Every structure is written in structure tokens, then in C-alpha cells.
């Protein structure tokens, strides 16, 4: 691709930046309040907390306007008992939020941590262990302070804050920002590493033009940090995009990104560079989806399944995907073609939706067997099929369909008649689900 002329994009990007950059007063207010939180934790802490660190985008001036999230990590010595780490982390978190008359609750990752609201500020107070780069983690969040330290050092000679904001807003517009298992997109940390690698938003979009699935990225800083040669043999990953974590070379930062979302990023990056527009940054995915859905629809079916209590999205979405793919395999085996499928969960219900190209089939189907010269294959075929005949060069037979209407197949699913064929995950069971015809629930 020819070299970009930044002047072709500068007006659009500046307009977007006016919308998404926090004001100086907003930044100052956030810093003052964060310092108060950290100071208070130090005051009330009578426990072996080695360090109290603010991490995340607000700590690195990489947040969007009106993002008032404050992430505080409490680092404990590696010898600290897990139960004690959990107990002390929860107590400190609750105590400091209560001191500021806030509202607190417990969230769950590998171990529980405290989240809360104090006015317009959202807080996460998370205990972790003090580890070094490439040291084996003890808990899943132990790398986060190291990520923060690496990025702050990298930004000392690189002012990339606005480029990071542009990338985040661009990905939000495309509906692919977020590394949760529901979104399967780009995490904030991944965004920062990509901007650091290519030294700018437009440079990144230009580089993306040559990407294909399985593309691999190693930051220049990694070679310097670990004194590695350029031909170093890194661990191989089988993911859509591979971005090596500077603080743990055995980890792929882009592991959560699925193939479709990577390809959306590649495609719409090309579209933006060819025909730049602010539209890409503002609900572009939703507008595009709404336009596509104005067409005449196929045959729509949704299964409504009761969602178990206290099962988080990072558990429920992979299980919905698993059961839906198992059902997809079954409907294909019975010759029903679908145009699309989606899943979505609200607080009470899991929705599995399909749009079928055809919902009713003839009573009979043609079963094509082996070529007539395949002696053993033909013998097996005629043993299991009556009324066989030759069509072109294959022995064939007509079979009566078990399901000629897709609705009947789904009724057997919810009545439990196909439970030996479909793979049931633990928390999403289609038995006794409600079938809604003519309805397709979009993921929100």
C-alpha cells in the first residue's frame, strides 16, 4: 500500500479527539481522587501490603472522556497465604469504599475482589502477588502491575495517548472492543501494545492491510528487555492474532480475539483508509446491522433457556456457543440450512437464535453411496439401504426423512429426545426451553 498522507485524515481524527479526550480538569479531578484512595488505603492498612499501585488506562492517560474507572492493585509478598490474601484484599477494599460513603460489592475472577462506586468514580480494588517479569504467576491478575510498569516506561519518550484513544473508539464503533468472552475482541492492553508497536493510529491501520489470520507481533522492546536475537524462536500459538506479552513471553495478549473480529478490523481499517469518515467511530456496527436487518428475513427461531443465578458472562457465553454449535451440527445433518445464528443472555434468560434459509423439506432425501466399483463400500451400502439404484457412477438410495420440518426437530430438542446426540454444557440446558417462532434476538 502507498504511504499514507496524514493530511487526508487529520480533520476527521481531530474532530473525534475533541469528543473522546478527557479535559485537563477531568484528568486533574481523577488524579486527585485516585491519590486520596491510595493514601487512605495506606492509612488503614495494618497488613503486609508491599505496594499499592494504580493501574489501567486512567493511570496511563489512555482513557476516554467520562471513563472514571480507577483500578487499584494491592501487591502482597509471594509467601502470603491465598486465603489471607483474599481476606485482607476484601477487607481493605470494603473499608476504603465505606470511608468515602461509597457502595461496594464483590466481583469474582480467580479470587474475589472488591468493586465499588463513589460518586461518579468506579473502583476495583484487587489483591495480587508481587512477581517479576516472566516469573510464574500465582494468581491470574499478578501480571497487571507489570503491564502498567512496562507501558509507563515505554511512554516516557512516546506521546501516544491520543492514538490509543482513537484506536479504542474505532474498535468500539466496530463493536469489537473488549476481551471478555462475550465480545471476543481487543483488550485495552492489546490496544496499547499495538499503538506502541506501530507508533500511531494511522500507522497501525496501514500495517493492518497486510495482516492475515495467525499474524504474529513481537515488540522491539522485547528484544532489548531480554537481550534476544531477531531470529529468537518464540513459543508458537494457534490463535487468530499473536501478540507476545512483554512481561510474559509464554502468553499471547490477543488470545481472546476471535477470527471474525480480527477480519472485521482488517476489513474496516481498509475501508476507513480508502474513504475516511467519522461514522466508523460512532456506533458503526449497530448502524450496519440495523441496515442489514431491514431486508426480508428467513425462518426465525429462538430458544429461551432459563439462566442459572450467579453464573458470570465469561462462563455463560462459551457454554451458549457450545450448545448452539452442537445444535448447528444436528440441523445440518438433517439438511436444514441456516443463514446466521447468534446468542445473547440477559439477567434471567439465555437466547439462542437462528435464521433458516429453509424450514420445510420433502418427505424423502437422496442418499449418495460409494462408486459402483468400490466392492466393500457397495456391499456395506446395500446392506443398510433398501431400494438402491445407480445414479451416474454411484450406488444410491432414497431415504424417508426423520425431520422434514425444523420446528419438529426443535420440539424434540426441548423435550429431551435428542439429549444423547447434543452436547449439553453444565449451565445451558435446552430441555424445557421455550421455542419462539418468528423471533431473532440480536446480541446487545
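Cβ atoms are placed via backbone N, Cα and C, with glycine included.
For the CTP site that Swiss-Prot gives as 57, 60, 168, 177, the extra residue drawn from 147, 215 is 147. Going by what Swiss-Prot states, the Mg(2+) site holds 69, 71, and the candidate of 11, 15, 19, 124 recorded there is 124.
When Cα-Cα distances from residue 177 (CTP binding site) are compared across the binding-site residues 69, 71, 124, the shortest belongs to 69. Comparing C-alpha positions, residue 147 (CTP binding site) sits nearest to 71 among the binding-site residues 69, 71, 124.
Ranking the binding-site residues 60, 147, 168 by the number of CB atoms within 10 A of their own CB puts 168 at the top. Of all Cα pairs drawn from 57, 60, 147, 168, 177, which the record names as binding CTP, the longest spans 19 Å.
Annotation note: residue 60 (CTP binding site) sits in a coil segment as assigned by DSSP.
Residue 71 (Mg(2+) binding site) falls within a strand when secondary structure is assigned with DSSP.
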